[in-house]
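Since the structure comes first, as structure tokens, the remarks are kept for the end.
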Amino acid sequence: MNHLVLGYVGLVIGVIVTKKSMVWRVGQVGSVLLMLPATVLVNMNMTISNVSYMMTSDFVSLGLTVLSIWLLPLMLLASQQHMVSESLIYQRVFVGCQVFLTGALVLAFMASDLLLFYIAFESTLLPTLMLITRWGAQKERYQAGTYFMFFTLVGSLPLLICLIGQYQMVGSLALDLSYEGVFQLSYLVNFWWVGCILAFLVKLPLYGVHLWLPKAHVEAPIAGSMVLAGVLLKLGGYGMMRVSLMWGATAMLSSEVFLALALWGIVVMGGICLRQTDLKSLIAYSSVGHMALVVGGVLTGVAWGYNGAMVLMIAHGLVSSCLFCLANLWYERSSTRNLSGSRGLIMIFPLISSGWFLMSLMNMALPPAINLFGELVAMVALYNWSPYSIVYMSLGAVLTAAYSLYLFGMSQWGNTMKNYKNLYTITSREYLLTTLHLVPAIYLIFYLGLMF
């Protein structure tokens, strides 16, 4: 596992020093080669106790690690078309940012020490900020970058203070130890727990601290949107799972407020999605609603909640990343993301419309999509916590189905505008990109045991 992280360091160096014509090829081939160790990890029954010092892998981290590694070559594949006009130095920086970001994510998911996890967690800020502010499409990208940086830093500071306090009290930040009873169920545990998970709630994000996400998604280039929706949001869910597993029931005493916000966020985000006219904005707000269910599953503190959140995070990473790719595919040809101006795509690109159809169905958790299994298991855990939660979850499910059908219907059906009838055809690169999102999403339906 140490070699896997070092591989990304070597790939960053390779992208910097290679000749001009080989920058993208080195990045793509290197990222594909680094996928090979990930396939080996999937077939190994690894526990937290049989991995090397400072690095770990278990059922919590393995799926997200493989997801991060899988998405890197797809991000490079999606970005190559609109980056060819950039100067060589900017192309090197762009590819280097994506590789470095993936390496930091892999390190965060494999860290066995909370301090190492925090360093990797914060290391994702700078490359993501560069992707948004340098390669965003509109002038509003600077405001989006400011929101992203402000929310991330403000949320992360209490986490650092809590980690320092934990080391002072316990003398250890290891993830494989249990720290129940340190506070002796005093009122301090409530402050500690809120301080610890605030950074993760902002990263997910939870309804109420989600303002940075739609702005970042809308203004980011396609690679930024893919990594944000695919992996970065899951970093928050992973951190919550790790901290709650370490502290057990002691840390769950003050979770009711966040659970209530999560349930309310599912409903509110569904309503907001139905009012959107921008493709990327709708997909971004839908991510907040799905991650609210992840928050609910984790904060219940039971195995069903953890498993449901885990499956839902991986499923959402593939589905939302593909939806952003499909939205970008249309934006590159029409220079618009407006739903009212995107009608009739099924008449222009019929094969790609099948990708839209499948991903919309998966986004609404239609059987037998993998999203359905994650949502059902998380809902069972939430119902066990409070039977009244079924009201919010049922309403959220109806709204999710409504905005998924709204997204597909508004973009695919209707009469095509005359000025969009002579667009250049879909390339093999874009077909491959869509297929590489669909294949694992369908494969996991038959092999759910890989994530449990």
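Using N, Cα and C of the backbone, Cβ positions are placed for all residues, glycine too.
It should be emphasised that the depicted structure is a prediction, and the values quoted were computed from it without experimental measurement.
According to Swiss-Prot, the feature transmembrane segment maps to 59-79 (among others). Here the transmembrane segment (59-79) has long-range neighbours at 24, 27-28, 31-32, 34-35, 38-39, 41-42, 46, 94-95, 98-99, 102, 105-106, 109-110, 221-223, 226-227, 230-231, 234, 238, 241-242, 245, 306, 310, 313-314, 317-318, 321, 325, 328, 429, 432-433, 436-437, 440, 450-452, meaning same-chain residues at least 6 beyond its ends whose C-beta is under 8 angstroms from one of its own.
Positions annotated as transmembrane segment by Swiss-Prot, on the basis of sequence analysis: 88-110 (among others). Sequence-distant contacts of the transmembrane segment (88-110) (same chain, six or more residues past either end, CB-CB distance under 8 Å): 1, 4-5, 8-9, 11-12, 15-16, 20, 23-24, 27, 30-31, 55-57, 61, 64-65, 68-69, 71-72, 75-76, 79, 116-117, 120-121, 123-124, 127-128, 130-131, 134-135, 223, 227, 231-232, 235, 238.
According to Swiss-Prot, the transmembrane segment annotation covers 114-136 (among others).
If you look up Swiss-Prot, you'll see 144-164 (among others) marked as transmembrane segment, on the strength of sequence analysis. If one looks beyond the transmembrane segment (144-164) by at least 6 residues along the same chain, the residues whose Cβ comes under 8 Å of a Cβ in the stretch are 114-115, 118, 121-122, 125, 128-129, 132-133, 136, 173, 192, 194-196, 198-203, 205, 209, 211-212, 215-216, 218-220.
Positions annotated as transmembrane segment by Swiss-Prot: 182-202 (among others).
Beyond the transmembrane segment (221-241), the same-chain residues lying 6 or more positions past its ends with a Cβ under 8 Å from any Cβ of the stretch are 60-61, 64, 67-68, 71, 74-76, 78-79, 82, 94, 98, 101-102, 105, 108-109, 117, 121, 124, 128, 131-132, 135-137, 197, 199-205, 213, 280, 283-284, 287, 291, 294-295, 298-299, 306, 309-310, 313-314, 316-318, 320-321, 324-325, 328. Taken from Swiss-Prot, the feature transmembrane segment covers 221-241 (among others), and the record attributes it to sequence analysis.
What Swiss-Prot records for 252-272 (among others) is transmembrane segment, and it gives sequence analysis as the kind of evidence.
The transmembrane segment feature in Swiss-Prot is assigned to 282-304 (among others).
According to Swiss-Prot, the feature transmembrane segment maps to 309-331 (among others), an assignment based on sequence analysis. With a threshold of 8 Å between CB atoms, the same-chain residues lying at least 6 positions outside the transmembrane segment (309-331) that come near it are 59-60, 63-64, 67, 71, 74, 78, 217, 222, 225-226, 229-231, 233-234, 237-238, 241, 279-280, 283, 286-287, 290-291, 293-294, 297-298, 337, 342, 345, 352, 355-356, 359-360, 362-363, 369-371, 373-375, 377-378, 411, 426, 430, 433-434, 437-438, 440-441, 444, 448, 451.
Under the heading transmembrane segment, Swiss-Prot lists 345-365 (among others). Non-local neighbours of the transmembrane segment (345-365) in the same chain are 286, 315, 319-320, 322-323, 326, 329-330, 371-372, 375, 397, 400-401, 404-405, 407-408, 411-413, 416, 420-421, 423, 426, 430-431, 434, 437-438, 441; each lies 6+ residues outside the stretch with a CB under 8 Å from one of its CB atoms.
The feature transmembrane segment is assigned by Swiss-Prot to 390-410 (among others), with sequence analysis given as support.
Counting only same-chain residues 6+ beyond the ends of the transmembrane segment (432-452), those with a CB under 8 A from a CB of the stretch are 42, 59, 63, 70, 74, 77-78, 307, 310-311, 314-315, 318-319, 321-322, 325-326, 352, 355, 358-359, 362, 368-370, 373. Feature annotation from Swiss-Prot assigns transmembrane segment to 432-452 (among others).
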Task: Could you pull out which residues elsewhere in the chain have a CB under 8 Å from any CB of the transmembrane segment (282-304), counting only those six or more residues past its ends?
output: 201, 204-207, 210, 213-214, 217-218, 229, 233, 236-237, 240-241, 244, 248-249, 252, 255, 258-259, 261-263, 265-266, 269-270, 272-273, 276, 312-313, 316, 320, 323-324, 327, 339, 363, 375, 377-382, 384-385, 389, 393, 396, 399-400, 403-404, 407
